[in-house]
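Reviewing the structure listed below.
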């Protein structure tokens, strides 16, 4: 899905310096979906189009990052650029924006992912979270997300904070979490798989 990143970058590179500044200011106040954190103002404001694209994708992943970019562009009155972005998305191998608009379609299927199915038990029973975080750092978690989870005091609070980022994850991210849990807490994972 690298085409999504390219589409976001194309849209942002079409903005003038003033429009890019306005985009960043609007991005600071646009309502976000539950589970998504806001990019800090100090981090956001100095970014150019390339770095901003990277930051959008790392914070919101490609699908929601593209939707958010289109939303902010529309809010700025730049319908044409927003439509070009959405058009590029719908021409991709699969319609990324439609996938973002209907995320419940996947979770409504009977085969919930292990980490979704056992969320409550994982929050309550995972005792060593740091090893899990280290495995996810850079692949699933950004530096800010990693530090936010580490800042929590108890293991259950750390797991709860970790799960607060999960609405932005795809199956690969959840598979990486499961693998990290298998590596650090194999007996717990075995017990939950048998329950």
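Using the three backbone atoms N, Cα and C, a Cβ is placed for every residue, glycine included.
Listed in Swiss-Prot:
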type	residues	note
CROSSLNK	55	ubiquitin cross-link
CROSSLNK	174	ubiquitin cross-link
DOMAIN	1-91	domain 'Pyrin'
DOMAIN	107-195	domain 'CARD'
MOD_RES	195	phosphoserine
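For the pair formed by residue 55 (ubiquitin cross-link) and the residue listed as 'phosphoserine', distance between Cα atoms is given as 39 Å, rounded to the nearest Å. In this structure, the CA atom of residue 174 (ubiquitin cross-link) is 19 Å away from the CA atom of residue 195 (phosphoserine).
According to DSSP, the domain 'CARD' (107-195) comprises 63 helix, 2 strand, 24 coil.
There are 17 other CB atoms within 10 A of the CB of residue 55 (ubiquitin cross-link), with all protein chains counted. The residue listed as 'phosphoserine' is surrounded by 8 other CB atoms, counting those within 10 A of its CB over all protein chains shown. Note: the domain 'Pyrin' (1-91) comprises 67 helix, 0 strand, 24 coil (DSSP; helix = H, G, I, strand = E, B).
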